[in-house]
Amino acid sequence: MLMSWSPEECRDQGEPQGDRYSLCAKLVEKPDRGSEEHLEPGLGPIIIRSASGPTLAFWQAVLVGDVGSVSRILSDSSTGLAPDSIFDTSDPERWRDYRFNIRALRLWSLTYEEELTTPLHVAASRGHTEVLELLLRRRAKPDSAPGGRTALHEACSAGHAACVRVLLVAGADPNTLDQDGKRPLHLCRGPGILECVELLLKFGAQVDGRTEDEEETPLHIAARLGHVELADLLLRWGACPDVRNSEGWTPLLAACDIRCQSPKDAEATTNRCFQLCRLLLSVGADADAANQDKQRPLHLACRHGHSAVVQLLLSCGVNANAMDYGGHTPLHCALLGPTTAVAHSPEHTVRDLLNHGAVRVWPGALPKVLDRWCMSPRTIEVLMNTYRVVQLPEEAKGLVPPEILQKYHGFYSSLFALVRQPRSLQHLCRCALRSHLEGCLPHALPRLPLPPRMLRFLQLDFEDLLY
């Protein structure tokens with residue numbers, strides 16, 4: 001049973017027996033706070049919400065980067081302010097509202113969460129280089145982390161390369177972990193990201209340093225961001241292209257998992273993914289590496305509609321029929337991906353897989369494929385051209401919305417006219433030859449002494465109708 005006593009109610013209970021008393025004692029006990037080791041004896045953090053006078057003026061000067069005012073106030077010993085003064089930017093009133101809300105749910109929170117920072121952190125996060133230099137000259141500790149992050153973490157996450165340089169020269173540790181187990185190298189973002197990363201590496205940051213929980217390296221993060229230049233920089237500094245995180249993901253897997261945010265970004269997203277994958281493969285990344293769920297780069301590239309990446313991976317000889325932990329092949333992933341992937345031309349992905357020996361879709365699933373991908377008639381075309389007959393029920397026409405039927409009238413008229421009807425002799429010859437070459441299709445077809453047009457026909461070239 002969940003106890004919901006407040007500290008006052010606990011004190012009123014007297015001395016209950018057993019576990020209840022122990023729990024009550026723990027509730028009223030002052031909790032340990034990791035930040036207290038950073039505070040001077042007898043002093044607590046300065047609450048910004050209640051600050052006034054020189055303290056408030058000092059805080060505002062740091063925020064705007066007014067180095068003159070910061071210097072003047074620090075020079076006045078009567079203010080009691082120091083370069084390492086700790087400020088609490090949290091809102092106690094907001095906590096009180098939250099506390100009363102959770103009490104209504106029969107829960108109890110003993111203390112509110114402090115949000116601690118120092119002038120050094122604020123200056124670093126806002127790019128105030130002169131204020132930063134002043135504070136460091138006045139003996140501010142570069143690795144102070146009352147809130148769980150150092151000033152170097154803040155400067156890197158904001159992409160302020162000049163501040164990163166100042167802190168590193170002052171002796172900041174480039175490999176220290178923040179409260180989330182991340183190093184400065186993992187947090188680099190913003191316009192100065194490349195310069196920040198290079199500075200960290202020059203000052204001894206571990207190029208393959210891992211995060212504490214996920215065990216991700218900076219190269220994993222560069223791949224997830226789709227940042228080709230950052231990945232290239234890390235690889236030139238010796239980053240391992242096949243390093244795995246705690247779930248078995250390699251940077252190549254992370255790159256193939258890049259998702260398109262909107263149809264307008266489809267081309268740019270696929271291009272970034274392609275450039276990243278080509279870069280990683282060029283330095284020896286395993287094109288067929290699988291994570292803990294047995295997902296391979298080809299599964300992910302197919303699921304997200306990265307057709308150029310699919311071609312690249314297939315050219316490396318990856319298995320077009322490998323199954324993930326759920327029993328899905330790359331072709332399944334391509335057809336199970338979001339229908340918004342139509343902007344990525346899924347028909348090219350499906351055709352490339354089939355031309356590299358992918359096992360065809362079970363005929364009984366074709367109505368579901370038609371229902372899902374009817375807005376991409378070329379995807380339907382390339383699938384249907386791998387069967388000797390159109391294996392659809394007569395009522396399948398009802399699966400296609402009228403507006404799609406009207407838009408692609410020529411193709412869908414030819415499709416439904418062939419339901420339970422014989423296909424052309426030309427098509428049957430294609431099926432027979434492809435079946436005969438099964439297992440060596442991608443290597444054998446290009447070697448056949450055939451005219452280019454006939455070769456394209458055998459490789460399921462798009463014609464926008466069926467016969």
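Glycine residues also receive a Cβ, built from the backbone N, Cα and C atoms like all the rest.
Since we're looking at a predicted model, the values are computed, not measured.
Summarising the annotation, Swiss-Prot assigns domain 'SOCS box' to 412-467.
Model confidence over the repeat 'ANK 1' (115-144) is summarised by a mean pLDDT of 97. What Swiss-Prot records for 115-144 is repeat 'ANK 1'.
Residues 34-35, 114-118, 120-121, 123-129, 132-133, 136, 182-185, 187-193, 195-196, 199-200, 203-206, 209 of the same chain lie 6+ residues outside the repeat 'ANK 2' (147-176) yet bring a C-beta within less than 8 angstroms of a C-beta in it. Residues or ranges marked as repeat 'ANK 2' by Swiss-Prot: 147-176.
For 180-209, the entry in Swiss-Prot reads repeat 'ANK 3'. With DSSP states grouped into helix (H, G, I), strand (E, B) and coil, the repeat 'ANK 3' (180-209) comes out at 14 helix, 0 strand, 16 coil.
Note on the repeat 'ANK 4' (214-243): residues 185-186, 188, 193-194, 197-198, 201, 207-208, 249-252, 254-255, 257-258, 269, 272-273, 275-276, 279-280, 283-286, 289 of its chain, located 6 or more positions outside it, place their CB under 8 angstroms from a CB of the stretch. The repeat 'ANK 4' annotation in Swiss-Prot covers 214-243.
What Swiss-Prot lists as repeat 'ANK 5' is 247-289.
Look at Swiss-Prot and you will find 293-322 tagged as repeat 'ANK 6'. Away from its own ends, the repeat 'ANK 6' (293-322) comes close to residues 247, 252-253, 255-260, 266, 269-271, 273-274, 277-278, 281, 287, 328-331, 333-334, 336-337, 341, 343-346, 348-349, 352-353, 356-359, 442 of its chain (Cβ-Cβ under 8 Å, at least six residues beyond either end).
Annotated repeat 'ANK 7' per Swiss-Prot: 326-361, in sequence order. If one looks beyond the repeat 'ANK 7' (326-361) by at least 6 residues along the same chain, the residues whose Cβ comes under 8 Å of a Cβ in the stretch are 260, 263, 266, 270, 293, 296, 298-307, 310-311, 314, 320, 369, 372-373, 375-376, 378-379, 381-383, 386-387, 438-439, 441-442, 445, 459-460, 462.
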